[in-house]
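Feature annotations, reproduced from Swiss-Prot:
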DOMAIN    85-302  domain 'RNase H type-2'
BINDING   Asp91, Glu92, Asp196  divalent metal cation binding site
Amino acid sequence: MNTFVLQLDEETIQHLIQTLKEYQVQNANPYIRFAAKFKQATILIYASRKVVFQGKNASAVAQELGYKPVVHKSNQDNIKNKQDCSLIGSDEVGNGSYFGGLAVVASFVKQADHAFLKELGVDDSKNLTDVKIKQIAPLLEAKLPHKALLLSPQKYNEVVGDNKLHNAVSVKVALHNQAIFLLLQEGWQPDKIVIDAFTSPKNYQKYLKNENNRFSNPLTLEERAEGKYLAVAVSSIIARKLFLDNLDELSQKVGFNLPSGAGQQSDKIASQILKTYGELGLETTAKLHFKNTKKAYQLLKKE
């Protein structure tokens with residue numbers, strides 16, 4: 001199967017979504033904001049504005065839509081030659097999912113850990129199944145120094161939104177900074193600190209000024225870092241398990257199978273929760289500022 005990857009600006013992505021709207025398909029991956037099947041190719045648009053074309057006709061479809069694709073290199077190729085020092089890597093999971101909390105993890109990885117990680121098959125958690133994530137995450141947690149933070153939906157809704165302490169970006173800055181700070185406080189001394197970029201360095205520094213717990217170590221924000229640095233991949237895997245466990249726990253509490261992601265299935269489940277519990281049900285299970293909340297109310301009115 002051929003795979004091609006593009007990094008597009010928001011305006012171009014909106015145009016592509018409009019073009020492929022009638023070919024849209026459901027996708028449960030919380031990192032994917034739009035998915036479509038078009039002429040024997042699958043097109044995936046990630047929240048990071050990465051666009052992936054997959055399938056036998058991936059190249060032809062990409063070119064037909066006006067894009068010049070770049071062959072996607074394997075994550076192992078990306079990881080190679082970037083692991084010659086001790087690293088703290090940080091990543092978050094849940095920011096693209098309507099239901100569930102926001103998990104942020106920072107992990108410390110030494111060069112001596114690489115053989116263990118490669119034996120486990122550690123890679124970008126976006127390419128691992130949930131079953132695999134749940135198998136290897138406990139092994140990583142037991143062996144590697146890390147700090148894991150989970151902002152529950154209820155707490156998220158208290159601090160994120162209009163006229164509140166945080167917006168969707170600043171809250172991630174706060175969580176990443178705190179996770180890394182706590183790890184450094186334990187005495188771990190990395191040669192480099194890398195965060196999987198979710199905003200520009202300038203924007204990160206702007207929001208960082210509001211944080212009390214600061215550190216002087218140099219910090220790098222790098223796009224798709226979870227596919228380039230084992231330390232970030234480790235954090236991505238642990239954070240994914242933390243998010244999934246939280247989603248399972250919330251599902252049991254409300255009696256509905258809460259999906260990850262922010263698609264139509266989330267709208268439907270949200271409307272059922274509204275019908276059963278009122279808005280309080282969403283306040284404790286979902287991120288209210290997502291558009292899904294409005295859509296859920298609209299679905300409820302149609303009943």
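Each Cβ is built from the backbone N, Cα and C atoms, and glycine gets one as well.
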For this session: Under 8 Å Cβ to Cβ from Asp196 (divalent metal cation binding site), same chain, six or more residues apart: give me those in sequence order, or none if nothing qualifies.
Result: Gly89, Ser90, Asp91, Glu92, Leu221, Glu222, Glu223, Arg224, Ala225, Glu226, Val232, Ser236
For this session: Would you list, in sequence order, the residues of this chain other than Asp91, Glu92, Asp196 that have their CB within 8 A of the centroid of the site's CB atoms, where the site is the one recorded for divalent metal cation?
Result: Ser90, Val93, Val104, Val105, His176, Ile195, Phe198, Ala225, Glu226, Val232, Ser235, Ser236, Ala239
Seminar exercise, completed: With neighbours defined as other CB atoms within 10 A, the best-packed of the binding-site residues Asp91, Glu92 is Asp91
